[in-house]
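A.B. asks: Pasting the feature list from TrEMBL:
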REGION    132-205  region 'Disordered'
COMPBIAS  137-146  compositional bias 'Basic and acidic residues'
COMPBIAS  153-165  compositional bias 'Basic and acidic residues'
COMPBIAS  217-238  compositional bias 'Basic and acidic residues'
REGION    217-244  region 'Disordered'
REGION    282-314  region 'Disordered'
COMPBIAS  302-312  compositional bias 'Polar residues'
DOMAIN    608-621  domain 'SRP54-type proteins GTP-binding'
Amino acid sequence: MLDFFTIFSKGGLVLWCFQGVSDSCTGPVNALIRSVLLQERGGNNSFTHEALTLKYKLDNQFELVFVVGFQKILTLTYVDKLIDDVHRLFRDKYRTEIQQQSALSLLNGTFDFQNDFLRLLREAEESSKIRAPTTMKKFEDSEKSKKPVRSMIETRGEKTKEKTKNSKKKGAKKEGSDGPLATSKTAPAEKSGLPVGPENGELSKEELIRRKREEFIQKHGKGLDKSSKSTKSDAPKEKGKKAPRVWELGGCANKEVLDYSTPTTNGTPEAVLSEDINLIRGTGPGGQLQDLDCSSSDDEGATQNTKPSATKGTLGGMFGMLKGLVGSKSLSREDMESVLDKMRDHLIAKNVAADIAVQLCESVANKLEGKVMGTFSTVTSTVKQALQESLVQILQPQRRVDMLRDIMDAQRRQRPYVVTFCGVNGVGKSTNLAKISFWLLENGFSVLIAACDTFRAGAVEQLRTHTRRLTALHPPEKHGGRTMVQLFEKGYGKDAAGIAMEAIAFARNQGFDVVLVDTAGRMQDNAPLMTALAKLITVNTPDLVLFVGEALVGNEAVDQLVKFNRALADHSMVQTPRLIDGIVLTKFDTIDDKVGAAISMTYITSKPIVFVGTGQTYCDLRSLNAKAVVAALMKA
C-alpha cells in the first residue's frame, strides 16, 4: 500500500497529490528536496527518510518531479512501473498546461488526475499478481522418468566401447576436415601401401589417418622447404649502408617515402585528440585558494582551442566545428555517455573516490536527461557546466559552522566552548589544533588545550611546545595580565575521557572561552579505540566534533570518515548520538590540483569543510573556497 504519490514542479508548486496511508507528505518530500535534489545527489532514484522509502523520477524537459512514498519494510515490485506509467500519462494529458512554463498557468490549471492514477495503480498491482509462484517439477514430468530401466544400467565393458565409438566419430570428423587428406571409405588401400585384411580390426581407420598424414607431410613439406629457401635466396642482399634521408631547408624532400603514419579520413584522429584535450579544460570563474594554482581558462579560451587545424579545408573545418552541436533537441543517455565516461576518468585522476565519481556522473545524467538544449550548445560544454554546478553545490555546506558566533553565544551563557579533534594517525591533529588556537587568539579568545592523547610518545611535549610558542606571540602583558593560552595535561596512560572532563571543569572555573581537546590517532577499524573515542564524546558532549583528514588520500578518506561516523553512532550510550560536525582538511598545499578528497569527504557525509591547512606556520589556515576548488578540479 502506498503512503503518498505527489507531482510537483522544480519551482516548488505542487500540481497533484495522492494521500494513501500517510496523512501528510510534506516532511518526507522536504527532506528529499533538501538532502538530494538541492545537494545534487541524484545518482540513485530512491531515498530513505525515517520509516519511509521514497522513489522519484525527474522530468527535465518540463521541470517536473514525480515522488512516491511507501513503508521501507514493504517490498513493492510494481513501484517502478507505476511511476513510469504515471509520468507518461500525466505528460501526455497536461502537455499544453505544462509547456507554458509559467507559475500562473500552473496555479490556474486544474489537474484532475485522481481517477487516472487509481486506474494505473490497480493495473500495476494486478500485473504484479499475475506471475504465479513456480511449483516444483515432479519426477513423472522429467526426462529421466521416460527412459527404460535397462538404459540406465551400466556395465564395465560398455564404457570402453562408448569411448572407442566416440573416438571413431572424432577421427572421422578430423579426416573430413583435413581437406586434401579426405578420402572415401572405399578407397583402395594398395595405393597408400597399407595392409588390407581383417587382422587390422577396428584400428585400421586410425592407422589409415595417421599414415596418410605422414605421407602428406613428406610430399608437401619438402616442397614448402624448397620454396621458402628459393624465396630467401632470390632476395638480393644489400651491402653497405642505405642512402641517408635528404632534408631540404628543414623539410623532407620526399614526403611520400617518409610518411609512415596511418591514413586518416577527414582528420578524425586530430579532431578526437583536440576534443579529449579541451574536454576537461576548466571554464568556471571564481577566486583562487592561496598557495594553490587554481587558475583555469575561461569560456573564450576553451572555444579558441577547439578551432580546426590549418591542414583541414575550409568546408571540413566548418563541419568539424558544428559537429558537436545539438540543435534544439532533448538530450539522451547515448548523447552524454562518451562525455560522462571521460569526466568520470578525469575525476578519478584528480583523487575523487571511484564510487563517488560514478555517482556524480549518474546524478548529472539524471539531471540533464530529456532537457532541451539550445541551438549552439554542445553536449560537452553542457555536461561540463552541469558537473561544475553540482560540485559547487556539494561543497556548499548544508549548515554553516560559525565558530566565532557560537563562542560568543557560549560566553553569554558563561560556559566554555568545547571542540574535539579526531582522526587517524599522522594526519596533523596537533599541528592544526595549534593553528586554530592561534586563529582564536587573534580574535581575542582565551584557549585551554586539553592533552588527551595519552598514548603516543611525545604528544604532551608537542602540545607544550606549541603552548609556549603561542604564549610568546600573545603574552599576558598585551592582555592585561591574563593568560590567553594554557595546557591542561595529566601525563600518559590515563583515561582520555576523564582528562577531558577535568579540563572542561577547569576552563569553566578559570574563565577560559574555548577548550580544544586533542585525542590520540586511531585507525578506523580498531574497535576498542573507537569505543574509547565514542565514550569521550558521549561523556563530555562537545559543541563541535571535527574530523581531521588528509587531502592526499582518495578512496581511503571516504572509508575513514564513514567508519568514524558509524563508530560514534554504534558505540554511543545515548539515544541521539553525537556525530562528526565538520572536517579539517590538512596538507592541502602538497597536492597541486588533485583536490578530489574534498569532494569525496563532503559528498559522503554532507559535512562541511570548516578549515583547510596549507602550510607549516600558524598563519597557514584557510576557509574553503568552493569555486576555486572546483576550478582546480576541472583543470586539465
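Residue numbering: from 1, along the chain as shown.
Keep in mind that glycine also has a Cβ here, set from the backbone N, Cα and C atoms.
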A.B. asks: What are the DSSP helix/strand/coil residue counts across the domain 'SRP54-type proteins GTP-binding' (608-621)?
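C.D. replies: Result for the domain 'SRP54-type proteins GTP-binding' (608-621), in helix, strand, coil order: 0 helix, 6 strand, 8 coil.
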A.B. asks: For the domain 'SRP54-type proteins GTP-binding' (608-621), report the average pLDDT of the model, please.
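C.D. replies: Per the prediction, mean pLDDT sits at 89 for the domain 'SRP54-type proteins GTP-binding' (608-621).
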A.B. asks: Going by DSSP, how much of the compositional bias 'Basic and acidic residues' (137-146) is helix, how much is strand and how much is coil, in residues?
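C.D. replies: Going through the compositional bias 'Basic and acidic residues' (137-146) residue by residue, I get 6 helix, 0 strand, 4 coil.
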